[in-house]
């Protein structure tokens with residue numbers, strides 16, 4: 001199967017806000033980072049408004065909605081408060097993620113299969129408001145099928161475990177995880193879902209994931225913000241964009 005089209009890059013700017021909040025200052029500004037990302041080739045900006053506001057804050061979402069030219073993808077937990085915020089702002093996309101206060105980052109996918117009734121009701125008003133709803137899930141068949149059942153338009157496959165295995169040099173396990181992700185992407189596409197992928201992606205892991213023909217968007221943040229310390233945000237994003245495009249071209 002040939003790639004379905006140009007692979008989009010969503011840049012997550014959460015950790016610009018992490019640096020800002022570490023000192024309680026007004027800088028660095030997440031919106032400024034978003035605008036730099038736009039100029040460097042990002043197709044969209046992702047921001048996770050966590051319940052504890054540990055990085056992105058409510059006022060950041062307002063500023064991003066007003067200042068960005070590319071679409072905003074709002075990551076959030078499935079709580080009434082977050083639903084109300086999304087319905088007020090009506091971002092282009094809403095990605096629903098699991099959330100625990102004690103975690104350092106999103107550790108796994110959302111359990112759609114175990115909460116179909118509630119999530120179907122949660123998703124419906126977001127869809128009615130014009131938001132493209134995405135479920136951040138693992139490659140488990142049940143979760144993919146349940147995401148289609150509740151009316152999500154998109155699934156974002158959690159690539160964190162694969163990226164960790166690559167970083168740890170566990171080659172055989174990484175190959176098995178990559179194949180499971182590939183099969184998950186194919187299943188999701190066959191069910192009419194648009195397929196995205198994200199979490200933990202770096203220069204070392206992007207090519208294999210970008211080569212999945214069904215994947216239409218990668219969301220990448222922490223690595224790019226870290227790389228920006230050494231080479232600048234624009235250069236870091238351009239480097240990722242080049243690797244994505246090369247992998248896509250090779251898969252065509």
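Any Cβ shown, glycine's included, is placed from N, Cα and C.
Going by Swiss-Prot, these are the annotated features:
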type     : residues              : note
ACT_SITE : 48                    : active site, proton acceptor
ACT_SITE : 75                    : active site, proton acceptor
ACT_SITE : 199                   : active site, proton donor
BINDING  : 12, 23, 200, 221, 222 : 3-amino-2-oxopropyl phosphate binding site
BINDING  : 14, 15, 50, 55, 105   : 1-deoxy-D-xylulose 5-phosphate binding site
SITE     : 156                   : site 'Transition state stabilizer'
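Cβ-based neighbour count (10 Å, all protein chains) for residue 14 (1-deoxy-D-xylulose 5-phosphate binding site) stands at 22. Close to residue 55 (1-deoxy-D-xylulose 5-phosphate binding site), meaning Cα to Cα within 10 A, are none of the recorded positions out of 23, 156, 199, 200, 222. Inclusion criterion for the recorded positions 23, 48, 50, 156, 222: a C-alpha placed within 10 angstroms of the C-alpha of residue 75 (active site, proton acceptor); this criterion is met by 48, 50. Cα-Cα distances to residue 48 (active site, proton acceptor) place 12, 14 within 10 Å, out of the recorded positions 12, 14, 199, 200, 221, 222. Cα-Cα distances to residue 14 (1-deoxy-D-xylulose 5-phosphate binding site) place 221, 222 within 10 Å, out of the recorded positions 23, 199, 221, 222. Inclusion criterion for the binding-site residues 15, 23, 50, 222: a C-alpha placed within 10 angstroms of the C-alpha of residue 199 (active site, proton donor); this criterion is met by 222. In sequence order, 56, 77, 99 are the residues near residue 50 (1-deoxy-D-xylulose 5-phosphate binding site), counting only same-chain partners six or more apart with C-beta under 8 A. In the three-state DSSP classification, residue 14 (1-deoxy-D-xylulose 5-phosphate binding site) falls within a helix.
When the neighbouring Cβ atoms lying within 10 Å are counted for each of the binding-site residues (200, 221), the highest count belongs to 221.
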